[in-house]
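Take a look at the structure below.
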Amino acid sequence: MPACRPGPLAGALLLGLLLLGLPRVPGGEVEKTGVCPQLQADLNCTQECVSDAQCADNLKCCQAGCATICHLPNEKEGSCPQVNTDFPQLGLCQDQCQVDSHCPGLLKCCYNGCGKVSCVTPIF
């Protein structure tokens, strides 16, 4: 008995069914890491980008009022913990960062108890 072989039409149909079952990402783009900072409203309402993929390097497509612009993410998710001023902070009292992107991993650049900023674990 001859073996049953699917024809080219059956192969194309199978491929189409497989592709229909895959989850779709809008525009096929992946969101870049980081979080957009709060930006001043752009009065021109310029639409520089629609997604992160349209921005160079590690810039993100961020909302600025009615505009969207490519901007360097400098804020990470979470919020800074409240500083307890009742107790003096031990350790070096100097600035360790200026923006979140200066801190490794998930750490955020936040004010510490001695009036400077350092990389700390955020609150989620």
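Each Cβ is built from the backbone N, Cα and C atoms, and glycine gets one as well.
Candidates considered were Cys93, Cys109; Swiss-Prot assigns the disulfide partner of Cys97 as Cys109. Candidates considered were Cys36, Cys70, Cys80; the recorded disulfide partner of Cys55 in Swiss-Prot is Cys70. Of the cysteines listed (Cys80, Cys114, Cys119), Swiss-Prot assigns Cys119 as the disulfide partner of Cys103. Swiss-Prot records a disulfide bond between Cys45 and Cys66, which is the match among Cys62, Cys66, Cys80. Around Cys49 (disulfide bond), a 10 Å sphere centred on its CB holds 18 further CB atoms from the protein chains shown.
Mean model confidence for the domain 'WAP 2' (74-123) is a pLDDT of 83. When the disulfide-bonded residues Cys61, Cys62, Cys80, Cys103, Cys109 are compared by the number of other C-beta atoms lying within 10 angstroms of their own C-beta, Cys80 comes out lowest. Rounded to a whole number, the C-alpha distance linking Cys109 (disulfide bond) with Cys119 (disulfide bond) is 5 angstrom.
Cys62 (disulfide bond) falls within a strand segment according to DSSP.
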